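> One structure coming up, written as structure tokens, with questions to follow.
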Amino acid sequence: MGRLLSMWSFPCLRVLPRRRFSTYGKRLEELRKKLSSEPSEVVDFLGSSEVAEHVSVAPPTENTRFWSDVERIDAYKNPQKPDWLKVKPAGDHALEQEYIRLKDTLRGLNLHTVCEEARCPNIGECWGGGTATIMLMGDTCTRGCRFCSIKTSKTPPPLDIEEPEKVSTAVAKWGLTYIVLTSVDRDDLLDGGASHLASTVKLLKQKQPDLLVELLSPDFGGNLSSVNLVVNSGLDVFAHNVETVRRLQHVVRDRRANYQQSLSVLESAKSMNSGVFTKTSIMLGAGETHQEIYRTLLDLRNVGVDIVTFGQYLRPSKKQMKVEEWVPPEEFERWKCIGESLGFMYVASGPLVRSSYRAGEFFLESKIRSRRLRGGGHPMAAA
């Protein structure tokens, strides 16, 4: 098998002069094909003169799974967060006022946000910018993933039947054109809460037809009927997170979630409504290897995922699993480059990027609205 893929070096592709674009395009396509072959073939191909002319390749080493010029930091030996993970307050009075306004709206309607419940490091930026990721179906999850700080229970409180109306009221007050919703898992409900989520999306669309809606969805225990109900509710972006590589699923996620089930949900969502963009997220720093990350990207492309985000896993409290490694910004940049070269429509990659982060919001909004102008239609299912 030769050297493992976890030991190769794959820096970002250079931007070449326009006159050589056609030749470069052919070689890039050849590179993509080779990358899906055996690891030994990949290493041989990366070392060839055909690629070396266009790609700066550092020699792969036998003793490390990292690029030779980008090192991760052992979080056990260095538990303090690196400087690149330290979020500084904006100190802008206008942002502070917007933050307070948004918080008052949420409190007044008794709505929950993943920003607070999951202790997101970007809460100041997003709330100060006038938007939040509303968490549907309450603040209590029936699952207990080891990375997550949201409270759990086998018997969470009943659903708030007024929640769809409350959410539409909040979104209208904020004056948004794009809203990200997420939810807890509700394995205690027959449909996993799919009908409640679908009702919320439909009401949002009825009140604001031009509003774009992204939902970070549960897996519904693999129930594809529930997936179908949600994906055809009027969504523009259906998101569901694989969270980590295949090997670490049982370490990171609740036992009721698994890699193959998540891939099936994402693939089914795309097949059930081709007009909906699909999205997922991968946490880095949990002990995964480069080879495992790359294989995960291949799996995601194979099921038609359009958008992927990468972010550093940060331990919300001492109750959650520990961080294995601090991943430097340079590595995130390289995964962005690789993801784009594999054909993902959009890749958001950075230490503080989260699945519901606004990093791709403006790009996606432009993409969706452009598609509608070209006659691509709206993903809303017929009533």
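Using the three backbone atoms N, Cα and C, a Cβ is placed for every residue, glycine included.
Nobody curates TrEMBL annotations by hand; they come from automatic prediction.
For Cys115, Cys120, Cys126, Ser356, the entry in TrEMBL reads [4Fe-4S] cluster 1 binding site. Taken from TrEMBL, the feature domain 'Radical SAM core' covers 127-345. Annotation source TrEMBL lists [4Fe-4S] cluster 2 binding site at Cys141, Cys145, Cys148.
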> For the binding-site residues Cys141, Cys145, Cys148, which one has the sparsest Cβ surroundings, going by other Cβ atoms within 10 Å?
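Among the binding-site residues Cys141, Cys145, Cys148, the lowest count of other Cβ atoms within 10 Å belongs to Cys145.
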> Other residues with Cβ within 8 Å of the Cβ centroid of Cys141, Cys145, Cys148 at the [4Fe-4S] cluster 2 site?
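Result: Arg143, Gly144, Phe147, Ser149, Ile150, Thr152, Val184, Asp185, Asp254.
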> Which of the three DSSP states, helix, strand or coil, fits Cys145 ([4Fe-4S] cluster 2 binding site)?
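The three-state answer is coil.
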